[in-house]
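Visitor: Have a look at this one before I ask anything.
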Amino acid sequence: MQQPPVLPGPAHAPEASAPASALRDGAVVGVATILSRLLGFARDVLIAASLGAGPAADALLVALRIPNLVRRVLGEGAVNSAFVPLHGRIAARDGPDAAGRFAGEALAGLALLLLVVVGLAEAVAPLLVLGLASGFADDPDRLALATAYARWTTPLIAASSLSALASAILAAQGRLRIAALAPVLVNAVLVLVLLGLARSPAPPESVGLTVAMAVSAAGLAQLLATGAALWGGQYRPAWVRPRLSAELRRFLALAGPGVVTAASAQLSILAALQLASREPSSFAQLHYADRLFQLPLGLVAAGAGVVLLNEIVRLTRAGEHRAVGPLLDRALLAALSLAIPGAAGLAVLAGPITSILFERGAFSPADAAATAGALAALSVGLPAAAAARVFAQAFLAREAVRPPMIAAAAALAVTILAGLALQPAAGVAGVAGAVSLGALVDALALAAFLARLQGWTPGREALRRCAVCMTAALGMAAAVVAGRQALAGWLDAGEPTLVRAAALIGLCAGGAALYAGLALAMGAARWRKRAP
């Protein structure tokens, strides 16, 4: 039987190698990420309104954390960081047929592995729940409810993992845009389900169960979308039986540390949630704060984990090693130009944001205030977390996984120790502050490794423009604080939601415009080329 055409290497995908196309791909990835995060917000707002921060909400959010960790890590490039460089090397060395066989082996092997992983997760679901929220051990009802929900949500692990690998294969063809849009389906399906439940008289426990069941259906929709795009294209993976080839062993060896690297921030927030679970409602409060924090961070991480990684691989394979340094300068500046004002905005508007988004139904004003404190503490670490995402790609593109793993382990240790120290005095906000401290350690460690092992430090022009962004963000924050005081009556909890939302949107839009104006006035748009 004639084999279908197999995957070419990145060198055969001119769309992926053109700088203009890279910019377009980056824009599409960013838009898709924002759309997915916004739908995720809508999902969480609907969950908060239905379940508040009570036992059913805690149980459902713990159950969702298990597959969502996988979705976030894989969506931020953990599979791409292992697959794309290795696939490109095989295509260049052995030809496109060998690259197609490798893609088929990876899909078949991953599918077999996931059967075992999901089956094991179903069997040990209570232990998984306690691993995420040990505080549930003292509450048998919450533990039983979270376990029941988790058994419905864990199949999303398999669907997300296979979808991520299919997306990596699409990325190797230069079809980044299709891959970027598929994850939107998961949150879209869940939002539709929650809207259908909005007027349901069912008790919170039943609503939570319905949402947990819908999670697996949403994952299947994503898998079908990426599979259809992959097999409907001109190039397809070869159909092979699972076997542990040398290339597949190398892929697994690279993917494991890559997952740890991409998961460093997620591992830190999981450790923080573990600490928060010891206090009633704290798990849900920190979860909602993290969801807000992830919007700007997810935009940076998705671009770094897909577009930046591919560009570094392309430059390295072309022998243009001296171009990598200026590329990292620009990527770092792009990340910080979003993260710095994002951090300032989240810090000064944490109260109105959490109140307007979540304070309704079963979600009390006290819950909103606690969530706001956690969000403000998380926002401090946003620039460091964004920088760490950029730095990690320089190692992963060269298949150097040890430095990112060491940095991630150091960040996790600092998060746990700081959380234990800060929680007694500051509660959930102290735990969130520990996450920010861990992100700073991660970024500093990666920067030190880059300087020592690859001889890269930020150029003067990049540092100058980062300072401009910081100054502009401080000016924006001061103006937004003044504007918040002037609009205090409109933002009051007693006002209609539309009035409050309009005031908040006005503050955000005005702050963004002021930031852009200040940054441009201080020379942020003037880029002088870095000396070679």
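Keep in mind that glycine also has a Cβ here, set from the backbone N, Cα and C atoms.
This is the feature table in TrEMBL:
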type: TRANSMEM; residues: 45-64; note: transmembrane segment
type: TRANSMEM; residues: 110-137; note: transmembrane segment
type: TRANSMEM; residues: 149-171; note: transmembrane segment
type: TRANSMEM; residues: 178-198; note: transmembrane segment
type: TRANSMEM; residues: 210-231; note: transmembrane segment
type: TRANSMEM; residues: 251-273; note: transmembrane segment
type: TRANSMEM; residues: 331-358; note: transmembrane segment
type: TRANSMEM; residues: 370-392; note: transmembrane segment
type: TRANSMEM; residues: 404-422; note: transmembrane segment
type: TRANSMEM; residues: 428-450; note: transmembrane segment
type: TRANSMEM; residues: 462-482; note: transmembrane segment
type: TRANSMEM; residues: 502-525; note: transmembrane segment
Visitor: Which sequence-distant residues neighbour the transmembrane segment (428-450)? Criterion: at least 6 residues beyond either end, Cβ under 8 Å.
Guide: 264-265, 268-269, 272, 275-276, 279, 282, 285-286, 289, 328, 370, 373-382, 384-385, 387-388, 391-392, 394-395, 403-404, 406-408, 410-412, 414-419, 421-422, 456-457
Visitor: Please identify the stretch among 45-64, 149-171, 210-231, 331-358, 404-422 with the greatest number of Cβ pairs below 8 Å relative to the transmembrane segment (178-198).
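Guide: Ranking 45-64, 149-171, 210-231, 331-358, 404-422 by Cβ pairs under 8 Å to the transmembrane segment (178-198) puts 210-231 first.
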Visitor: Grab the same-chain neighbours of the transmembrane segment (502-525) for me: Cβ-Cβ under 8 Å, and only residues 6 or more beyond its ends, written as numbers and ranges.
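Guide: Non-local partners: 337, 341, 345, 349, 352-353, 356, 464-465, 468-469, 471-473, 475-477, 479-480, 483-484, 487, 490-491.
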Visitor: Taking 3+ C-beta pairs under 8 angstroms (sequence gap of 6 or more) as contact, is the transmembrane segment (210-231) in contact with the transmembrane segment (331-358)?
Guide: no
Visitor: So what's near the transmembrane segment (370-392) in sequence-distant terms, Cβ-Cβ under 8 Å and 6+ beyond its ends?
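Guide: Tertiary neighbours of the transmembrane segment (370-392) are 76, 261-262, 264-265, 281-282, 285-286, 288-290, 292-293, 296-297, 300-301, 304-305, 308, 328, 331-332, 335-336, 338-340, 342-344, 346-347, 350-351, 353-355, 358, 404, 407, 427-433, 435-440, 442-444, 446-447, 450.
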Visitor: Looking only at the recorded stretches 45-64, 110-137, 149-171, 404-422, 462-482, which one has the largest tally of CB-CB distances under 8 Å to the transmembrane segment (331-358)?
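Guide: Top-ranked stretch among 45-64, 110-137, 149-171, 404-422, 462-482: 462-482.
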Visitor: Where among 110-137, 149-171, 404-422, 462-482 do we find the most Cβ pairs under 8 Å to the transmembrane segment (45-64)?
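Guide: The stretch with the most contacts is 149-171.
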Visitor: Sort out the residues at least 6 away from either end of the transmembrane segment (110-137), same chain, that have Cβ-Cβ distances under 8 Å to it, and list them.
Guide: 58, 62-63, 65-66, 143, 146-147, 150-151, 154-155, 157-158, 161-162, 165, 242, 270, 273-274, 277-279, 283
